[in-house]
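Peer 1: The structure's right below; bear with me while I get my questions together.
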Amino acid sequence: MLVAGLLLWASLLTGAWPSFPTQDHLPATPRVRLSFKELKATGTAHFFNFLLNTTDYRILLKDEDHDRMYVGSKDYVLSLDLHDINREPLIIHWAASPQRIEECVLSGKDVNGECGNFVRLIQPWNRTHLYVCGTGAYNPMCTYVNRGRRAQATPWTQTQAVRGRGSRATDGALRPMPTAPRQDYIFYLEPERLESGKGKCPYDPKLDTASALINEELYAGVYIDFMGTDAAIFRTLGKQTAMRTDQYNSRWLNDPSFIHAELIPDSAERNDDKLYFFFRERSAEAPQSPAVYARIGRICLNDDGGHCCLVNKWSTFLKARLVCSVPGEDGIETHFDELQDVFVQQTQDVRNPVIYAVFTSSGSVFRGSAVCVYSMADIRMVFNGPFAHKEGPNYQWMPFSGKMPYPRPGTCPGGTFTPSMKSTKDYPDEVINFMRSHPLMYQAVYPLQRRPLVVRTGAPYRLTTIAVDQVDAADGRYEVLFLGTDRGTVQKVIVLPKDDQELEELMLEEVEVFKDPAPVKTMTISSKRQQLYVASAVGVTHLSLHRCQAYGAACADCCLARDPYCAWDGQACSRYTASSKRRSRRQDVRHGNPIRQCRGFNSNANKNAVESVQYGVAGSAAFLECQPRSPQATVKWLFQRDPGDRRREIRAEDRFLRTEQGLLLRALQLSDRGLYSCTATENNFKHVVTRVQLHVLGRDAVHAALFPPLSMSAPPPPGAGPPTPPYQELAQLLAQPEVGLIHQYCQGYWRHVPPSPREAPGAPRSPEPQDQKKPRNRRHHPPDT
């Protein structure tokens, strides 16, 4: 046991601790992984830590012109500073009335998760006001908020807001404080303008909505009834007629979940402008219905409905399937149909943005996620293609081959192709009737290259959100993907062309953005401020887009990371700026070649190798630790017995086991002593990570030092000090300077180990067994006893 304890102390002293992974290296392994504590230690992230009694945070609007971000949660509207979300946040407490909450509970809803005012819509009304809607405890309500820079509260109420109470609200609206005058620079809610939120905000907070406020008209994909069965795309407010999709028509919408809405112009003619909705729904055309399909739908902004048919209903609504699949060698595709999030990356041409979408697989047998990219050219080609039509003896879906009415269904009035028609009410009845029965396009929209950009299969998480940033590096422009997961982490990914057919995915980092893991709900990015803002049920976090110092202190580490944000400046890995005049900045994102980029700096790579000394006993085991900074590096172990010998590579044998953490040597032999070097190779760049000098001790020598014969040991003379511990005798026997470190560690170890009660100094001795006997109880005692 003492021999094993000596080996354990030596292993702890040199930092070696064996670990046995259960699986091989997985693809898409992050180069840097940071826990929430480690992320905070970098000073590049901040968590919104005001103690509000609320949950379900959603980032609903980013206003970079005013440096504000507007967040909705249960019973609160927050206005946060984009530079620092904890700096003077503006808070409005907007709760449902107690009577409404009581009615909600009586209807069978949960008092905490459903019977509250969950803010789900914040849209810019004009330069001074916001339009805000909440579920209102299953009674949707909307009003206007003055977007000021100061809170409508006295210092006392501001303190209460920080503690979680905020400004008092009555009957679902904020009561104005009499001490705070209503001025333009005050952030306050206008209760006198409270109105119904039906058709704007869902009743159920678990149902998502997608909305856009355009020209003071609100377009929203939403469920409009208490039971959550009537879904529609609505147009409310404004001067035009209120519009919606055809009610209870499964060909139009079939149990949809709305994800995103985006205005994308078709041409220079404003009458051609269309609003695109991204959603998923149960499909009627699937071979094995019901199945969930991802959809993209669109409507014309100047749609007024039909004259006799489709009155006050969209007469230009069309939809198509979004396909995100991995083609197999046998021609069978693996589909990801559950659309989760959409990010629209603007380009110099406002008519042709790039669409990024996150998908997950349906069902529980196959668990996976994917990111697909779509072009507007492909989307428009599908909407200009054939319509889906049911015909034939089997009543199956076919492309419509009959006579197409004029104007083509889905064309906007007064646009490029219909300049003489000023309204959809001027369309012939045959066009309106065709639209009612043929809203679906026959062809589907496929991603670029007809394959996903990023795929995750077999991972213990699913992707939930996406944000994309364009970064100018020394060798070109790159798109950096930030992917949120249902584990509360954010992954930073770039995808590079490997050859003509394949792409190479690099996960630069994965960080935990919340102290308590929770699925990422919403995420927005500010390229101007180089910040990412992430929201979940537990709070809001904003973090920098780059942490260059986390890649390492060497030029090779910085270059091998291939992060477009970072470059070697001659001293450290720091933020790359295209306008920098320093000639020593080294960056190579496309190839990551430190041999070419880091000339003059690579000599320091081997000097930074960790050197240590370990001891082992023949017949036992030893673990040599080696963890390269990059998980993509190839690790090799080299052995050199004596300084003049040639180094040879250690290959996997019965006695040698290579793990992700190092090298395990089993059944040590005296011939195993020597210098072990762990080298890491990545992109043809090789450097030494660690060197371990291993000393193998004979079992007989160790046993003789730890257990000397009794005849040789004489009783200590009077007045002598405490006897020398056996391990110290072993150190004196070996006469090696490194063994003094083991003695040092052992002394410190025994100093901190609490003594047992029997050996503790000053502890009362336990009584003898005869003293512990219970005395016999005599009934009659002498008086003087």
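Using the three backbone atoms N, Cα and C, a Cβ is placed for every residue, glycine included.
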Peer 1: So Cys412 is in a disulfide according to Swiss-Prot. Which of these is its partner: Cys300, Cys548, Cys555, Cys558?
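Peer 2: So the cysteine that Swiss-Prot bonds to Cys412 would be Cys300.
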Peer 1: Name the cysteine that pairs with Cys324 in a disulphide bond per Swiss-Prot, restricting the answer to Cys142, Cys201, Cys372.
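Peer 2: Candidates were Cys142, Cys201, Cys372; Swiss-Prot matches Cys324 with Cys372.
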Peer 1: I'd like to know which of the disulfide-bonded residues Cys115, Cys142, Cys324, Cys548, Cys566 has the most other Cβ atoms within 10 Å of its Cβ.
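Peer 2: Per the Cβ count within 10 Å, the most buried is Cys324.
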Peer 1: Please report how many Å separate the Cα atom of Cys412 (disulfide bond) from that of Cys104 (disulfide bond), as a whole number.
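Peer 2: Cys412 (disulfide bond) to Cys104 (disulfide bond), Cα-Cα distance: 43 Å.
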Peer 1: Find the shortest Cα-Cα separation between Cys133 (disulfide bond) and the disulfide-bonded residues Cys104, Cys115, Cys324, Cys548, Cys566, and name the residue that gives it.
Peer 2: Cys115
Peer 1: Considering only the disulfide-bonded residues Cys104, Cys115, Cys142, Cys300, which residue has the minimal Cα-Cα separation from Cys324 (disulfide bond)?
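Peer 2: Result for Cys324 (disulfide bond): the nearest of the disulfide-bonded residues is Cys300.
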Peer 1: Cys300 (disulfide bond) to Cys548 (disulfide bond): how many Å between their Cα atoms?
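Peer 2: Per the Cα atoms, Cys300 (disulfide bond) and Cys548 (disulfide bond) stand 46 Å apart.
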Peer 1: Quick check: in three-state DSSP terms, what is Cys324 (disulfide bond)?
Peer 2: coil
